[in-house]
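The annotation transmembrane segment is assigned in TrEMBL to 29-53, 65-85, 105-123, 201-229. Residues annotated as domain 'G-protein coupled receptors family 1 profile' in TrEMBL: 44-293.
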Amino acid sequence: MGLGASGNDSVVTEFVLLGLTETPALKPILFVIFLFAYIATVGGNFSILAAILTEPKLHTPMYFFLGNLSLLDVGCISVTVPAMLRHFMSNHRSIPYRSCLSQLFFFHLLAGVDCFLLTVMAYDRYLAICQPLTYSARMSWGTQQALAGMSCAFSFTNALTQTVALSTLKFCGPNVINHFYCDLPQLFQLSCSSTQLNEQLLFVAAAFMGVAPLVLIAVSYAHVAAAVLRIRSAEGRKKAFSTCGSHLTVVGIFYGTGVFSYMRLGSVEASDKDKGIGILNTVISPMLNPVIYSLRNPDVQGALWRVLTGRQPPK
C-alpha cells in the first residue's frame, strides 16, 4: 500500500495513480493516441522554435516570447505524458512520494511561466499597436530578457512555495489518486492533516498568477481594440486583429482549462471530469499552440516550410 512506519503512525511513501482507465483493452489504444500526441507536440513546438531561430523576419519580440512559449509547452507535456505512457504499458501505477512532489513542482513552475508570458505577449501587442513610435525602445532586447526572467522568477517562487507547503502535510491513510498526474487538489483530499494554509496559499497564487494576469490581458486588448477600430482601412483593421487572434485563442484555452481545474477545490469527490480537464490543460493545449500560431501567419508558414523541406515556399 506504500505505507511506512513512523512511530505509531503510518506514513505514505508512495501514491497510486489510477490513470485514465482501468480497462486493459483500452490501454494499448490510449498508449498509441497519447504517444502520437506527445510526438506531435514536441515536433510541432520544436519546429516553431527552429523557424523562429532561422527566419530573420521572426526575430522580433513577439516571436521571442512565442519561442519561449514553445519550450514551455514541450516541458509541460513532458512532465505528465511520459509517465502516463509508462503506466499504460505496465500494471505498476505507483509513484514515489518525492517523485510526486517533483512532478507537482515542475508542472506549477512551467504553467506559471506560461501565465506570465501570455500576459507579456498581450503587453507586447498593446505596445506594437497602440504605441508604435516608442515600441522599439520600450521592447528592447534587454526588456525582453528582463520580462522573461521575471516570469521565471515569480513562477519558481510560487512553485517552490506550493511544494514546500505540501511537504508539511501528513499522508497516513488512502494513497490512491484518481488522476494521471500529481496535483494539489487531489493531494489535499488525501491529507490527514489540515490543508487550510495550503488552500489559502493556492488562493493567493491563483489571484496573483491567474486573475491579475487575466485582468492585464483584458485591459491590454481593450486598448488594442479601441486603437484598431480607429483605423479607417478595413484591410488595416483585419491585419491588426489577425496579429492578436492567435494569442487570444491560446489565452482562452489556457485560462479556460485552468479555471475548471481548480474551481472544484474542496470537492470531496474527484471525477473523470478532472481527468478530461487535465488532458486539455497538459496535452491538447500544448499540441494545438503551434497549429494556432501558424494557421494564419504566412511568415511562420514560410519559415516552417523552409525548416521542414529545405526549400523556399511556393509562391
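Along the chain as shown, the residues are counted starting at 1.
Backbone N, Cα and C atoms are what each Cβ position is placed from, and that goes for glycine too.
Caution: TrEMBL annotation is automatic and unverified by curators.
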What parts of the chain pack near the transmembrane segment (65-85), using Cβ distances under 8 Å and only residues at least 6 beyond its ends?
17, 19-20, 31, 34-35, 37-38, 41-42, 45-46, 48-49, 52-53, 95, 103, 106-107, 110-111, 113-114, 117-118, 120-121, 124, 144, 147-148, 180-181, 250, 278, 282-283, 285-287, 289-290, 293
Mean pLDDT, the domain 'G-protein coupled receptors family 1 profile' (44-293)?
86
